[in-house]
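Written below as structure tokens is the structure these notes are about.
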Protein chains: 2
Amino acid sequence: MMHGIFSITHRDPSCLARTGRLLLPHGEVETPVFMPVGTNGSVKAVDFSVLDDMGIRLILSNTYHLFLRPGVDIIREAGGLHSFIGWQGNILTDSGGYQVFSLAPFRKIREEGVYFRSHIDGSYHTLTPEGVVDIQTAFGSDVMMPLDVCTPPGISKKEAEEALEITTAWARRSKERWESLREESGGLLFGIVQGNFFHDLRRRSVEEICALELPGTAIGGLSVGESFPVFQEFLAFTAALLPSEVPHYLMGIGTPEYILEAVEQGIDMFDCVFPTRTARNASVFTRSGRISLRRERFTRDFGPLDPECTCYTCRRYTRAYLRHLFKAQEIMGPVLATIHNLHFLFTMVEEIRESIREGRFSRYKRAFLARYQEGTRADENE
Amino acid sequence: MMHGIFSITHRDPSCLARTGRLLLPHGEVETPVFMPVGTNGSVKAVDFSVLDDMGIRLILSNTYHLFLRPGVDIIREAGGLHSFIGWQGNILTDSGGYQVFSLAPFRKIREEGVYFRSHIDGSYHTLTPEGVVDIQTAFGSDVMMPLDVCTPPGISKKEAEEALEITTAWARRSKERWESLREESGGLLFGIVQGNFFHDLRRRSVEEICALELPGTAIGGLSVGESFPVFQEFLAFTAALLPSEVPHYLMGIGTPEYILEAVEQGIDMFDCVFPTRTARNASVFTRSGRISLRRERFTRDFGPLDPECTCYTCRRYTRAYLRHLFKAQEIMGPVLATIHNLHFLFTMVEEIRESIREGRFSRYKRAFLARYQEGTRADENE
């Protein structure tokens, strides 16, 4: 079942990188695209008007968090998630599976679904594949993700295989429910590939998930604690197996290094809390590397965060002032640094798209990284 | 010495309320005016562009805090405070005296000045009246305040008299230093009236301070813990003694009730952390009273914070969403509530000016308070 929601517009001749257009209920999105994360229905420290102005048309939000607080009923009563949070761009909601495994103080996986306790108040809850589709339908999510089982590196093959099998079974049930609700939801359901760090399991998962012919495919279970070379290997291996014509979403990555790696392997979508979280911790991207504004050397640095950046923060404020805001624990430190980091990544991804259109992505990647990584190392060694 | 920086444009026939224009180095300011507080060179949780858009042309910043962090040298090197913080409106800096008394873990007042330890790192510092003028000159403050001794209610008359005498002596020395620096500073020095809660001491302080013929006069030592009736009494008593032709600044007040009281007594300027601090604590102004967004009853309230408000927050977001942001401890809660509270107060002060121009301030005050206080009481009794 293809939905005609995705069209590839350019392919880079030297690798798998491609540009495309993703047609979602709340408007078209150019790919590759970075999705800022709005866990609780707010991209932390940045107003939606800023995202509007940056041209951001797709964010990620979190089913687990919103299910626990404020709860599905309130979002439904508000008229859906877009209306509740006051944003009319597209929203992809993850399934909550990842958060159940990483946040809940207790969880038990059964064939029917997952039982867990809330990390907020310890209350007991159940999520089933069908329930998760129902919740995302109530949210009015533009892209829904099915409940899956994400596993860390280092587990046995048997455990990885069990997680894979549950993930596939749940994906089938999710699809069934999603299809039965198509009339009340315009949202798309993507599949999620698991398989841990075993080549044959990754291959099997791709085959099983892609057989469902969902409108998009995500790679889950990467960037979960493995080394960068292992990430590279399993990304390249898995991405190459995906059908070319659907959008490829790599879950949970968002540093410049990981983004460039992902795009090179034909990934179209990615999300990560890193750019916003690291900004709140006074760490900002520049062309010449990621720098910590807490460094002594910025005390009297009256230049912008990045002299090549055109974001609001760089046009108005200096490194010395931002450093002062962080030292004085002023809220505007995180706010202004977040604006900068999102603008930086958004601009970088725009440049990536341009380089693909012009068939020079590999050169762009090399040039970007040479300068960026040298600066990052220099800052870290201070 | 009059500087022609202040002209009264209208007087209300029924009380001392008046409108005026204050000509400051960074542009004209209409009075009465509320000054948002930017303690560390940032109005907490709100960007300067938002203040620009609201038409705010004068903020207050804090000599004590900026002297300790980032320090005078850095601000001087940046080209002054406006340049350091990236704001080209006017800045009034307080003297730091109040903070030395309320924040420093140790302080000793001597004739020459005040010795104290920093609340940040315990380091030892001295501030003299001359030093405080020097600092504010380095900042490039548009309005400077002299070092004074602010005392709480309940002290003996002897103590109050000593504080008054030091305040007067320091004001004289401040004026001398300020005059000697007039060539490098375009800023104005105001006087500060003290005298605690003794009528004769208040009168004596007004006489001594006003004899210095500084371009503006502030009333200090009110709203420092006394009851509202005592505040009213000493405000009315002191304000009536001030020369009419200079701007009257009442330090440290900023609730609707106190502002209306102050304006009625001929006050032209006021500042307070209250509107911004209370916003960060989920408490917002509305025409129908101040409400706490933490209340259960706002869980499913999909209306704006105040249906009569035209601020950005009210145009885009709901009470239910703001409540959710505060419950989830999202930074955007404080940010959006702060925008609202400042817009609310700014609009209210605009209406106050209009009511004075039209000679109906007393009616405005009565009507505003009747509705506002009833709603505030109802919310507090929940």
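Just so it is clear, glycine is given a Cβ too, placed from its N, Cα and C backbone atoms.
According to TrEMBL, the protein has these features:
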- A:Asp94: active site, proton acceptor (ACT_SITE)
- A:Asp271: active site, nucleophile (ACT_SITE)
- A:Asp94, A:Ser95, A:Gly96, A:Gly97, A:Tyr98, A:Asp148, A:Gln194, A:Gly221: substrate binding site (BINDING)
- A:Cys309, A:Cys311, A:Cys314, A:His340: Zn(2+) binding site (BINDING)
- A:16-373: domain 'tRNA-guanine(15) transglycosylase-like' (DOMAIN)
- A:252-258: region 'RNA binding' (REGION)
- A:276-280: region 'RNA binding' (REGION)
Lowest local Cβ density (other Cβ within 10 Å) among active-site residues: A:Asp94, A:Asp271: A:Asp271
Rounded to the nearest Å - Cα separation of A:Gly221 (substrate binding site) and the residue listed as 'active site, proton acceptor': 13
Site extent for substrate, whole Å (max Cα pair distance, A:Asp94, A:Ser95, A:Gly96, A:Gly97, A:Tyr98, A:Asp148, A:Gln194, A:Gly221): 15
Inter-residue C-alpha distance, A:Ser95 (substrate binding site) and A:Cys309 (Zn(2+) binding site) (nearest angstrom): 35
Any further residue of that chain within 8 Å (Cβ to the Cβ centroid of A:Cys309, A:Cys311, A:Cys314, A:His340) of the recorded Zn(2+) site: A:Pro304, A:Leu305, A:Asp306, A:Thr310, A:Tyr312, A:Thr313, A:Arg315, A:Ile339, A:His343, A:Phe344
Cβ neighbours within the same chain of A:Cys314 (Zn(2+) binding site) - under 8 Å, at least six residues apart: A:Pro304, A:Leu305, A:Asp306, A:Pro307, A:His340
Using Cα positions only, nearest of the recorded positions to A:Gly96 (substrate binding site) (A:Asp271, A:Cys309, A:Cys311): A:Asp271
Distance, A:Asp94 (active site, proton acceptor) to A:Asp271 (active site, nucleophile) (CA atoms, angstrom): 10
Cβ-Cβ distance under 8 Å to A:Asp148 (substrate binding site), same chain, at least six residues away: A:Ser95, A:Gly97, A:Thr167, A:Trp170, A:Ala171, A:Ile192, A:Gln194, A:Gly220
Beyond the site residues A:Asp94, A:Ser95, A:Gly96, A:Gly97, A:Tyr98, A:Asp148, A:Gln194, A:Gly221: chain residues whose C-beta lies within 8 Å of the centroid, for substrate: A:Phe101, A:Met145, A:Pro146, A:Leu147, A:Val149, A:Cys150, A:Ile192, A:Gly220, A:Met251
